[in-house]
Amino acid sequence: QVDVAAMVRLFGYVDVTDTGFIVAVLSIAFNPLFWNVVARWEHKTRALSQVFGSPHAACYCLGAVILVLNCVRSHCFTEAMKSQPKLEGWDYHWTYYSGLAISAVGTLFVISSFLALGFTGTFLGDYFGILMEEKVTSFPFSVLDNPMYWGSTAIYLGWSLMHASPAGLLLTAVVAISYTIAVLYEG
């Protein structure tokens, strides 16, 4: 059973009407929506492949746009955390180092996913007709499904703990929800 009073107290620290917080929520929700819509559009029309002259060039360009959008999302996330109060009871070394460890595990999942899939495998190459020879089942895919999504979520969770930020925890929940919806859409 969840202690609702503790959650209410925790999120009493978060001003969800703050412009920076709203921008962070929108950027978090926008990213997977954008790449899924563009990838499906490309799959149906091959328009990007035609514009860029090849599916590989189009996929690399989309990948570059996704990376820029992810940097914007991370910046918005960080700025939203900085503009909101810290949870003083969490502003200790053990919380910081726990967050650092969680972020490290998340980074391991993200980097190992990228290395296992390569650039085009990571950035929706299958929608461009760039298929891998076989399904990747090695680490981290042998440990969990969608390790890049959950690794990214872990990075945000760790970052939130490192900053003792209730706003960051709430934004991390938005990241997890956005990725859960993306997985349902992609599946």
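Placed from the backbone N, Cα and C atoms, the Cβ positions cover glycine too.
Annotation source TrEMBL lists transmembrane segment at 12-35 (among others). Among residues of the same chain six or more beyond the transmembrane segment (12-35), those with a C-beta under 8 A of the stretch's C-beta atoms are 62, 66, 69-70, 72-73, 76-77, 79-80, 83-85, 87, 124, 166-167, 170-171, 174-175, 178-179, 181-182, 185.
Here TrEMBL flags 55-73 (among others) as transmembrane segment.
Long-range neighbours of the transmembrane segment (94-119) within the same chain, counting only residues 6 or more positions beyond its ends whose Cβ lies under 8 Å from a Cβ of the stretch, are 59-60, 63, 125, 132, 136, 138-141, 144, 147-148, 150-164. According to TrEMBL, the transmembrane segment annotation covers 94-119 (among others).
Under the heading transmembrane segment, TrEMBL lists 167-185 (among others). Sequence-distant contacts of the transmembrane segment (167-185) (same chain, six or more residues past either end, CB-CB distance under 8 Å): 10-11, 13-16, 21, 24-25, 28-29, 31-33, 36, 77, 80-81, 83-84, 145-146, 149-150, 152-153, 156-157, 159-161.
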